[in-house]
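What follows is a single structure, written as structure tokens, with notes after it.
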Amino acid sequence: MLQTVGEMDGVNNSGVSEFLLLGISDSPEQQRVLFWMFLSMYLVTVVGNMLIILAISFDPQLHTPMYFFLANLSFTDLFFVTNTIPKMLVSLQSQNKAISYAGCLTQLYFLVSLVALDNLILATMAYDRYVAICRPLHYTTVMSPGLCILLLTLCWALSVFYGLTHTLLMTRVTFCSSPKIHYIFCEMYVLLRLACSNIEVNHIVLIATGCFIFLTSLGFMIMSYIRIVRAIFQIPSATGKYKAFSTCASHLAVVSLFYGTLGMVYLQPLQTYSMKDSVATVMYAVVTPMMNPFIYSLRNKDMHGALGRLLLGKAFQRLT
């Protein structure tokens, strides 16, 4: 363990002290465009997710399990983009492409952990919707504050363990001299493709833990929504059906966007993985965290009201 910490603080086994993040384009003109584009997207993401967190925190009407998990999802997305985009903006603006070995592994750790946390929170939100629609009379009892905190703690514990496992395994990997990363951040598959040593253990653990964390969560969400759909069809009135489905529509949209963009990047063998698959990377790392606040607030009247009260205060209350 002491040796591992030492490796992360300095140089890895092969003597590599830094990586070169080459990004998406080498053209100075395109880099200027990319800088302003990513800066704008980052600011929109930060403002959008911060507004969601503040609205839920300060509005008593939103102190429910659904919005509790939504606030944590927004915090995860906010942390996720802050882990990757600022360094990319510095690289685009200063033309300094280097990132230290320790910095790269730190970025990798938070990237892996936060993606897993996003996934687990989405699965927890699916369970919340299942209880709300399929067991409405027991919702308050089942989704108690204690259970919500327990579920969130479990999500954090699993994601931290997942990130630590892969980051520590990466410290065992030997890299060739002056490795160049044709990506916008230090990503798992890209680093493994740059390895000069045997990565069989990394690959096996990646598949095993990935299946457990992501496929199990996806399967749980699919089963939850199968039961939710059955329950919705049993509602006699069309208005009741629409109201029940509307409470799930935002979550379904976010799940589809999350797994769709994640699948574009990771649903392929390591041997055929392309380090220049930049469009999928941008979708997965930048667009998804930016879109989540819009998806959850677009048709949500409670969120509209909370955001109005947060931004306009008493003036909004008089208007409504």
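Cβ coordinates come from backbone N, Cα and C, glycine included.
The following features are taken from TrEMBL:
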- 48-296: domain 'G-protein coupled receptors family 1 profile' (DOMAIN)
- 33-55: transmembrane segment (TRANSMEM)
- 67-86: transmembrane segment (TRANSMEM)
- 98-121: transmembrane segment (TRANSMEM)
- 142-164: transmembrane segment (TRANSMEM)
- 201-223: transmembrane segment (TRANSMEM)
- 244-267: transmembrane segment (TRANSMEM)
- 279-298: transmembrane segment (TRANSMEM)
Item to check | Tertiary contacts of the transmembrane segment (142-164), as residues 6+ beyond its ends and Cβ separation under 8 Å | outcome: 65, 68-69, 72, 109-110, 112-114, 116-117, 120-121, 124, 127-128, 131-132, 135, 209, 213
Item to check | Cβ contacts the transmembrane segment (279-298)/the transmembrane segment (98-121), at least three under 8 Å, sequence gap 6 or more | outcome: no
Next on the checklist: Averaged over the domain 'G-protein coupled receptors family 1 profile' (48-296), what pLDDT does the predicted model reach?
Outcome noted: 86
Next on the checklist: Counting CB pairs under 8 Å, which listed stretch among 67-86, 201-223, 244-267 touches the transmembrane segment (98-121) the most?
Outcome noted: 67-86
Checklist outcome for this item: The answer for the transmembrane segment (201-223), taking Cβ pairs under 8 Å and residues 6+ beyond its ends, is 116, 119-120, 122-123, 126-127, 158-159, 162, 165-166, 169-170, 172-173, 188, 192, 195, 255, 259, 262, 266, 270
Next on the checklist: Same chain only, please: residues at least 6 beyond the ends of the transmembrane segment (67-86) with a C-beta under 8 Å from a C-beta of the stretch. Say none if there are none.
Outcome noted: 38, 41-42, 45-46, 49-50, 52-53, 56-57, 107, 110-111, 114-115, 117-118, 121-122, 124-125, 128, 148, 152, 184-185, 254, 285-286, 288-290, 292-293, 296, 302
